[in-house]
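Okay, structure first, notes after.
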Amino acid sequence: MNSSSMEQLDNSKVNLHRTKFFILLLLQIPSVMLYLLIFTFFGMHRSLLKTPKNKALLVLLLINFLEASCDLPNTIHFYRLGRVSPATSAYCTWWTFFEYTLSVSSEFLMAIISIQRHILVFNNNILQIRIKRYLWHHLPLLLGVAYPTLLYLGLVVIYPCDGTQWDYTSVLCGLSNCYLENSSLLATLDWALDNGMPIIIIVVANAALVIRVICYKRRAQQATPWQKQRRMTIQLLTISSIYFIAWIPNTIIAVIQEIIDSSFVAEIQANYFFDLLYLVCLLMPWVCIMMLPELKKWMWKLFRPHQSTQNTVVPLNITVLPMKTR
């Protein structure tokens, strides 16, 4: 490859980084502001958190807020400079740790919520019992965050590594963690169990819920329960659609890489598909506004321009009574 071709390739890469920088930044700023508004809303309306679906939604929002406000700025900073800064092994280690932990936690939580929605729609009485509510609702949500945290603490931070494998010219330091570079078994298991399996669960659970709701409607022929179940199903499908858009293309590319092992496919994923994963944390608050009618009403009252009141003079009819004389 001659010097002119190399220069043209570098220019296209710079333009791609610049485009990604502006897109991510323009999406991040309103997204973080919406997260803060939603948390303020829940803080002022704590009674809404008594319902299991809103508790699960709040946990999912917290994880995605951390990704949008704490992890995504590292990626935006990289696209602004075109290189990793600071270019140190410690920075790359903790950057990839937070990226993997938050991204996989979000995916696991969505898979858990997709399964729990079956209970909320068809067996809601189970969660009225305290021990079963902790067992079937609270504990899975806790594990959905604790498992990825402990897993990547071991694989990324504690795993023995000399720190010379990082690529400081690629986003996320080239994803060159030692457990991915040195052990094909760990890399394959991590991808299959922690990336592929949750998205499969999300797809299957959502499809099964739609089928169950349709079958229930045909059997019951009752308007009120059907409307409630339909609303809860649409809410789940709406929020799950973000994960479909973000994860399914990356999952397909990963399967192709396992079969072909092509550097060209890996480059396509890094340049065009990997950043789709950030759509989850960036679009999540917008979807939640559509899911919570109480939130929409609260925001409407908050931002609605106050109507100025005008003082009007109303004539009064006064009847004068004659005075009595002695």
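Keep in mind that glycine also has a Cβ here, set from the backbone N, Cα and C atoms.
Because TrEMBL annotations are produced automatically, they should be read as predictions rather than curated entries.
What TrEMBL annotates here:
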DOMAIN    34-296  domain 'G-protein coupled receptors family 1 profile'
TRANSMEM  20-44  transmembrane segment
TRANSMEM  94-113  transmembrane segment
TRANSMEM  134-159  transmembrane segment
TRANSMEM  196-215  transmembrane segment
TRANSMEM  236-256  transmembrane segment
TRANSMEM  276-295  transmembrane segment
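Ranked by Cβ pairs under 8 Å to the transmembrane segment (196-215), the stretches 20-44, 94-113, 236-256, 276-295 are led by 236-256. Counting same-chain residues at least six beyond the ends of the transmembrane segment (276-295), those with a Cβ under 8 angstroms from any Cβ of the stretch are 24, 27-28, 31, 34-35, 37-38, 41, 45, 48, 54, 57, 60-61, 64-65, 67-68, 72, 75, 102-103, 106, 235, 238-239, 242-243, 245-247, 249-250. Note on the domain 'G-protein coupled receptors family 1 profile' (34-296): mean pLDDT across this stretch is 90. Outside the transmembrane segment (236-256), and at least 6 residues removed from its termini, the chain residues within Cβ reach (under 8 Å) are 107, 110, 113-114, 117, 191, 195-196, 199, 202-203, 206, 209-210, 262, 265, 268-269, 273-274, 276-280, 283-284, 287-288, 290-291.
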